[in-house]
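Notes to accompany the following structure.
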Amino acid sequence: MSKVTTSTLMKFKQEGKKFTALTAYDASFAAAFDSEGVDVLLVGDSLGMVLQGHEDTLPVTVQDIAYHTRCVRRGISRALLIADLPFMSYATVEQTMTTATALMQAGANMVKLEGGEWLLESVKKLTERGVPVCAHIGLTPQSVHVFGGFKVQGRDADNAQRILNEAKALEAAGAQLLVIECIPASLAKAITEALSIPVIGIGAGKDTDGQILVMHDVLGISSGYIPRFSKNYLKQTGEIRAAVRAFIDEVADGSFPGPEHTFN
């Protein structure tokens, strides 16, 4: 299988082909996901919760993400590798450049950052300097205390319009990929149709171009809070690689996410 690039994902969107993404944090799991055909792997700051045992993602450092990015890079040959910029590691344009440099040098193909219009200058500067950007809007976990918890965003008309405007502005600034999290399916569909870049959903209905889940949720090994939008594929398959294939197949045929994983 040929290597996945941002151009590959654009082609998928244009052809209407759904693609898949999973988080990964080490070489062994990354190699398994890569060989089964997962298109995008994310070294997410979710590692703060699922690996380090924190209540949220805020304690994760640039060094943490860089370490796990190097680990994942060694295990893959096909998937596009994205690395999260951790909390407060991109508060200014200059800081964003420094953090992105460290993660790209660790092996990332793209960096992901959370937020809306305040990020536009950073997205523009990264793009101008050859760093591919994935933006993340909707429920942004690094802002969990501002939101008052992990809550669905964009349910009222004003906030829905704000999120749509953010998506358009981030694309115009140069973002090549967008993650939208925990928003109503109708809003996710509107964003996906309004943008020319690929849109990945998590808790955002089935009409996005791609779907991403945390690997621990897919394998049923998460402790504590289990998001409504997740699905334990290991329970129905009994084997890790089969679980990954089931996730890929259900995204491809549109059966995941189902109504039980979707917000209105």
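Note: Cβ is positioned from N, Cα and C throughout, glycine not excepted.
A sphere of 10 angstroms centred on the C-beta of E114 (Mg(2+) binding site) encloses 23 other C-beta atoms. For the recorded site, E114 (Mg(2+) binding site), the DSSP three-state label reads strand. Taken from Swiss-Prot, the feature Mg(2+) binding site covers D45, D84, E114.
Neighbour count (other Cβ atoms within 10 Å of the Cβ, all protein chains): 21 for S46 (3-methyl-2-oxobutanoate binding site). Under the heading 3-methyl-2-oxobutanoate binding site, Swiss-Prot lists D45, S46, D84, K112, citing sequence analysis as support.
Counting every protein chain shown, 23 other Cβ atoms lie within 10 Å of the Cβ of E181 (active site, proton acceptor). DSSP assigns E181 (active site, proton acceptor) to a strand. Residues or ranges marked as active site, proton acceptor in Swiss-Prot (evidence: sequence analysis): E181.
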Check your understanding: Out of S46, K112, E181, which of these recorded positions is nearest D84 (Mg(2+) binding site) by C-alpha distance?
Key -> K112
Review point. Who sits close to K112 (3-methyl-2-oxobutanoate binding site): which same-chain residues at least 6 apart have their Cβ under 8 Å from its Cβ?
Key: L42, G44, I82, A83, D84, L85, V133, C134, A135, H136, V179
